[in-house]
Amino acid sequence: MKKDYYEVLGVSRSASKDEIKKAYRKLALQYHPDKNPDNKDAEEHFKEVNEAYEVLSNDDKRRRYDQFGHAGVGSSAASGAGGAYAGGATDFNDIFSAFNDMFGGGRARGGGAPFGFEEVFGGGGGAGRRGRTSAGISGTDLKIRLKLTLEEIAKGVEKTLKIKKQIVCKECNGSGSKTGATEPCQTCHGSGEVRQASKTMFGQFVNITACPTCGGEGRVVKDRCTACYGEGIKQGDVTVKVTVPAGVQDGNYLTLRGQGNAGPRGGAPGDLIVVIEEKPHELFRRDGNDVIFNLALSYPDLVLGTKIDVPTLDGAVKLTIPPATQPESMLRIPGQGIGHLRGSGKGDQLVRVNVYVPKDLSHHEKELLKELKKTAAFSPSGSNNDKEEKSFFEKARDIFS
């Protein structure tokens, strides 16, 4: 019986693509034939891992697998002893493209490889390092958390944030060099790549990876800038304005393109990811776009009805309490909730009414309550219903006895 693909990768069925990719990378490195020569068990594990990743990394295949199991992907995923390698050249390309994506953009040329394509790892060109652009290396994304009050979330807000990040070095204008000059890298001789031959289960391979000296650029700076040590970037403080729309929820995030860390030596900047964190509120509890407020009223107010000022996210409003309002009743104040994230309009404020029970009563107050207790109107209606039900069954018993 074929193993469950999620179990093969050691992830849950709700795992994200990043979690699946991370698990695949770890296992592929662990069981790779280069690290386990002449180990048949490792070879089989390697096949299983690739087969599982081929399916779970593809949205359509994963959906069919979740719905129908192995039968749903039988035509595209490999099966039996052939493992991941019975699926043809297209499936190989998917698998090794993922290898290329995760292992730094490396590519390999095989000698005598039986798969019908030359560049198995699909690196292409001379771009060895992932994230490398025509000028420099792309900057990394920067993630920050932004705490907001419920009032700010209800209406939307613009925040000015002061953050620390990598910025372009002003001394060298981001080139990393005092003069802006560069020279060919001596490690890779300007190619941006280093090569290493190895034998695998597929035959002779030449692994081509990014040069560790120049980061895949092929050139290094001359006369390094002393302010940034030749990187073209340095730590700095910047001010960023963030416009948060109404209706965001805890965990939502906003992506500000190009506002992340600057890229070394002229590389494109990364993105700034602002993760929303909702502060707990002293008075209100959020329920989607509605807010809930607990209101304690005296027993006479519940019985007789009243008008009372109730706090909202937008200030106090007058709320009418109808006579004979029962505890735990929910009264609605339209349009006093949170603005809709997509579309116009706002949610409502729900007021949950509870009775306030005093703890300390005077002798006179106790006597008054005792007198009220004797009246029929203050008897719970459930007791009367019980008596009526008992009377009905007694009558039924009399009829059929």
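Cβ from N, Cα, C; glycine included.
Per Swiss-Prot, the features are as follows:
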BINDING   CYS169, CYS172, CYS225, CYS228  Zn(2+) 1 binding site
BINDING   CYS185, CYS188, CYS211, CYS214  Zn(2+) 2 binding site
COMPBIAS  385-401  compositional bias 'Basic and acidic residues'
DOMAIN    4-69  domain 'J'
REGION    377-401  region 'Disordered'
REPEAT    169-176  repeat 'CXXCXGXG motif'
REPEAT    185-192  repeat 'CXXCXGXG motif'
REPEAT    211-218  repeat 'CXXCXGXG motif'
REPEAT    225-232  repeat 'CXXCXGXG motif'
ZN_FING   156-237  zinc finger
Additional residues surrounding Zn(2+) 1, by Cβ distance to the CYS169, CYS172, CYS225, CYS228 centre under 8 Å:
LYS170, GLU171, ASN173, GLY174, SER175, GLY176, SER177, THR226, ALA227, TYR229, GLY230, GLU231, GLY232, ILE233, LYS234
Only counting partners 6 or more residues apart, tell me which same-chain residues put their Cβ under 8 Å from the Cβ of CYS172 (Zn(2+) 1 binding site).
LYS178, GLY180, CYS225, ALA227, CYS228, GLY232
Relative to the Cα of CYS169 (Zn(2+) 1 binding site), which of the binding-site residues CYS185, CYS188, CYS211, CYS214 has the closest Cα?
CYS214
Looking only at the repeat 'CXXCXGXG motif' (185-192), what are its DSSP counts of helix, strand and coil residues?
0 helix, 0 strand, 8 coil
Counting every protein chain present, what is the number of Cβ atoms, excluding its own, within 10 Å of the Cβ of CYS169 (Zn(2+) 1 binding site)?
23
Neighbouring C-beta atoms (10 Å sphere around the C-beta of CYS214 (Zn(2+) 2 binding site)):
25
Tell me the residue counts in helix, strand and coil for the repeat 'CXXCXGXG motif' (169-176), as DSSP assigns them.
0 helix, 0 strand, 8 coil
Predicted model, mean pLDDT over the repeat 'CXXCXGXG motif' (211-218):
82
Cβ packing number for CYS185 (Zn(2+) 2 binding site), 10 Å threshold:
20
To test your reading of the Zn(2+) 2 site: which residues beyond CYS185, CYS188, CYS211, CYS214, same chain only, put their Cβ within 8 Å of the Cβ centroid of those residues?
GLN186, THR187, HIS189, GLY190, SER191, GLY192, GLU193, VAL194, PRO212, THR213, GLY215, GLY216, GLU217, GLY218, ARG219, VAL220
If you run through the domain 'J' (4-69) with DSSP, how many residues end up as helix, strand and coil?
48 helix, 0 strand, 18 coil
